[in-house]
Amino acid sequence: MSSLSLSHVLLLSPSVCLSNIGDGNPRESSPFINNTDDDKGTLYDGKNMALFEEEMDSNPMVSSLLNKLANYTNLTQGVREHEEADEDEGAKKKTVKSPQMGTFIGVYLPCLQNILGVILFLRMTWIVGTAGILESFIIVSMCCSCTMLTAISMSAIATNGVVPAGGSYYMISRSLGPEFGGAVGLCFYLGTTFAGAMYILGTIEILLTYIVPSAAIFKAEEKAQEADALLNNMRVYGTCCLTLMALVVFVGVKYVNKLALVFLACVVLSILAIYAGVIKTIFEPPVFPVCLLGNRTLQNHDFDKCMKTEIIDNVTVTTKLWSLFCEGPELNASCNEYFSLNNVTEIQGIPGLTSGVISENMWGSYGPAGMLVEKAVPSVPASVASQDKYMPYVANDITTFFTLLVGIYFPSVTGIMAGSNRSGDLRDAQRSIPIGTILAIATTTIIYLSCVVVFGACIEGVVLRDKFGDSVKGNLVIGTLSWPSPWVIVIGSFFSCCGAGLQSLTGAPRLLQAIARDGIVPFLQVRTHQIFEVFHLIFIFYFSLAFFFVSLLFSVIRALSFLGMSLCLALMFISSWYYALVAMLIAGCIYKYIEYRGAEKEWGDGIRGLSLNAARYALIRLEEAPPHTKNWRPQLLVLLSLDSELSVKHPRLLSFTTQLKAGKGLTIVGSVLEGTYLTRESDAKRAEQVTIKSAMAAEKTKGFCHVVVSSNLRDGFSHLIQSAGLGGMKHNSVLMAWPANWKQSNDPQSWRNFIETIRETTAAHQALLVAKNVDSFPHQERLAEGTIDVWWIVHDGGLLMLLPFLLQQHKVWRKCKMRIFTVAQLDDNSIQMKKDLQMFLYHLRLNAEVEVVEMLHVCSLSQCTPKLYLMAQLIHDRNTASHAALNDNSDATPERVHMTWTKEKFCTERTRNREPNASVAVRDLFNMKPNQSNVRCMHTAVKLNEVVVNKSQGAHLVLLNMPGPPKSRGGDENYMEFLEVLTEGLNRVLLVRGGGREVITIYS
């Protein structure tokens, strides 16, 4: 058949097409895969793809995928509904306009408006005068570098995929997860709220200090009351301003957006006026005289002439300045000592760019509150300075130091998120956010750095340190430098602060609404509509942290993001260490709250990627060398058995695991299902995801679970012992339950699998813990006072002493005391053994009682009691002709012998042997010579059991050395009998077999 005709047959015969090609695994929820919409029929609309017809429900055609991508909107859930008409339920919906804003209008200008604001106009000159040009340059460079590095990190995240509406909060929450997103988002909300308060206070300060000082309600009668009066005025006017702004926001956000361009124009015009004034000072400096008394700067409010006396009509008369320092206008009036000793001089407040004043302003002038603003000129000091604070001098209102200035300046550079917050309105957010934000930061950095230089080069130092312009008749200091009039700066800064305050009042509720819409904070409902620098630093710190986690694979950008994160952290504590701690505490509390109550979102955050990377690094490091004895802890592989209904047979084994591990270290819970993986794959997943994990959650067991499907249980457990774990994170101990009722079972494979597991753990050099009577082990109830008895027969590396110590750390076993018993032979010095053991425990810092038990030597055949002799003989030859002689029919199956001998069982056997038909058998039985090894082993088990039961029958838990299985598999059942006799009469027993290495050490 030709290839063409074959293809026709395949197309016409769907019965021979491939089916069920998919693996059937549940896929990640997405708008493109596993679509459940009603348009599913449109995914397959042709006759030429029958080969893939069965997969159309789960895997759409590429054309359908591309069509959905093309129609994909970047509006977050709820935004579309918010923009629809809601007058009538059946009304037509408004068409949602596609975003049209570009880089310049949408990102660059909003960032520019938010970065250039109140700090530049009100505090920049004071920062330059106080810190000096050099330190101010450092402050500006450090803060701008912080925001630039953050912008680089933000840009890398923004260009990593589509950025829906939500901006910076969206990027952080999707990069670091809902916990970090909610915590940082709420801190950013608080920071934005405090920013609004700062802008409102700046507006009121400009209004009352520079525009209409007479509007002040509270006036200070004395100089000491000026600060309180200003604070009270700000409270009253600030409340009124906040109410007015809230009304504007309530009327509509669109009006705020329309005014944004007006406010931005005011900012731009004000900055241009500053640079124009700087250029003008080269040719014609403005006239703003400053009056000095000696070297002290005077407040130029209550006098017009900077002189003590003047000559009018050839008569020397005193000026208003005289009356401020003297008791009267008379020339012979008593005056202030410093006023009398020093002359009054007048200097220009704005000497100009070419005056050389830059050298005087190069260094800082820090000082305490109340320190007078002085110029570096000679003066005659007064003997008494107690009255200076009542004189009209210009003085510091607060104590100044470098870190304070960093905290005051930093809010001026925190408006870098204004563009990213408008991501939903941008035509191309991936391109506009990086370019616009970085250009805005670069522009404002140049403006701030140039302002530092020109302020220090054009303005007199005493004027720069005059925060409120008292020395220049109450003018705004930066306004004295501007051209054509100081009012350009005053009006511009006023509207700039108003606009920034309105933007904060509109931006903060939007941010809170975005957090509420995500549903990650339970106490925030979807109907929600309505110390700053530290909260913004935390936000920027986490933004750098977000990209640092995301970009760990790229060394250069990783270094930049790590540098930005470190710089933010440093600036937080430089600004205010106690506010930084409070803000971090708030963020931590919100994080834990969201983690505990509300974080149900899964956004594929970078924390998981970081965890995977850290886990890989740790696993590689762990594999470099085996753990030291000091670091050894039991890393458990718990072998669980499931019944036919996939229920856990011994859930108390998980309880004991929890009590032993206390959530620390590695715990792997494994189980085996018989069959093939293809037929029992669903059972394996159900057993793992539902049964075992539910049992682990109920027993509070922290760890991993793994179910293996194997052709038989022995191979399955062998695979788990060999391959469980990864790299250096592997188990070193195996915990399993004793096979109960193994003698009554018709299937000997159960106890044979148990012995093979013992052999395999020994071969793998792993410790083995076997819990006998595990169903009687405590659950969560605390045990009363009692003992944990350790029977240390042979040295196993110290595991027998380590396990009780670990159990005592848990509340269930906390009241139990440890007792250690050891066995001495006849030729041992039991007294010296006890002293040595006590010293050994002292070095190990273990609190335990010590007792040495003496045992007789092992008997020979001639010394054995008939009971012991009979037990050993029956063990040796249970299925031989001596058993067959008990029955007339030699073909009959030999009756199973009860191998765990008690007094009742022995009497039953003896009565049975007295029957007439059994006389020959009994005589032959006692004439046989049993195996010497069986006799010795049984004698040891019986005698040791007697001692253990005598000493430890009332103990809450007994730990025993577990002897190794016989080398020959022919003695496996004998070995089970020995263990059964050894532990008979004890309630809770833990058989322990070491892994062949030391697990404790006396060295620190």
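Positions of Cβ are set from backbone N, Cα and C atoms, glycine also.
Marked as signal peptide by TrEMBL: 1-19.
Positions annotated as transmembrane segment by TrEMBL: 105-125 (among others).
Under the heading domain 'Amino acid permease/ SLC12A', TrEMBL lists 107-282 (among others).
The transmembrane segment annotation in TrEMBL covers 137-163 (among others).
Per TrEMBL, transmembrane segment is recorded for 183-213 (among others). For the transmembrane segment (183-213), the residues of the chain that approach it from at least six positions outside its boundaries are 117-118, 121-122, 168-169, 172-173, 176, 230, 233-234, 237-238, 241-242, 245, 411, 414, 417, 468-469, 474-476, 479, 490, 493-494, 497-498, 500-501, 504-505, 507-508, 511-512, 514-515, 521, 531-532, 534-536, 538-539, 542-543, 583, 586-588, 590-591, 594, judged by C-beta separation under 8 angstroms.
Residues or ranges marked as transmembrane segment by TrEMBL: 234-253 (among others).
Beyond its flanks by at least six residues, the transmembrane segment (259-278) meets 109-110, 112-113, 116-117, 121, 286, 353, 447, 451, 454, 458, 478, 481-484, 488-489, 491-493, 495-496, 498-500, 502-503 of its own chain at Cβ-Cβ distances under 8 Å. Residues annotated as transmembrane segment in TrEMBL: 259-278 (among others).
Residues or ranges marked as domain 'Amino acid permease/ SLC12A' by TrEMBL: 396-523 (among others).
What TrEMBL lists as transmembrane segment is 398-418 (among others). Non-local neighbours of the transmembrane segment (398-418) in the same chain are 107, 110-111, 113-120, 123-124, 127, 130-131, 135-136, 139-140, 142-144, 146-147, 150-151, 154, 167-168, 188, 191, 195, 198, 364, 366-369, 437, 440-441, 444, 448, 500, 503, 532-534, 536-537, 539-540, 571, 574-576; each lies 6+ residues outside the stretch with a CB under 8 Å from one of its CB atoms.
For the transmembrane segment (438-464), the residues of the chain that approach it from at least six positions outside its boundaries are 107-108, 111-112, 115-116, 120, 124-126, 128-130, 132-133, 136-137, 140-141, 144, 147-148, 151-152, 155, 271, 274-275, 278, 281, 285, 288, 290, 292, 297, 347-353, 355, 357-358, 360-362, 365, 373-375, 394, 412-413, 416, 419, 471-472, 477-478, 480-481, judged by C-beta separation under 8 angstroms. Here TrEMBL flags 438-464 (among others) as transmembrane segment.
Under the heading transmembrane segment, TrEMBL lists 476-502 (among others). Proximity of distant same-chain residues to the transmembrane segment (476-502), defined by a Cβ-Cβ separation under 8 Å and at least 6 residues beyond the stretch ends, is recorded for 113-114, 116-118, 120-122, 124-126, 195-196, 199-200, 202-203, 206-207, 209-211, 241, 245, 248-249, 256, 259-260, 262-264, 266-267, 269-270, 273-274, 276-278, 280-281, 286, 288, 349-350, 415, 454-455, 458-459, 463-464, 466, 469.
Annotation comment: TrEMBL describes 534-557 (among others) as transmembrane segment.
According to TrEMBL, the feature transmembrane segment maps to 569-594 (among others).
According to TrEMBL, the feature domain 'SLC12A transporter C-terminal' maps to 651-770 (among others). For the domain 'SLC12A transporter C-terminal' (651-770), the mean pLDDT of the prediction comes to 88.
Positions annotated as domain 'SLC12A transporter C-terminal' by TrEMBL: 779-1004 (among others).
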Grouping DSSP H, G, I as helix and E, B as strand, the residues of the domain 'SLC12A transporter C-terminal' (651-770) number 58 helix, 26 strand, 36 coil
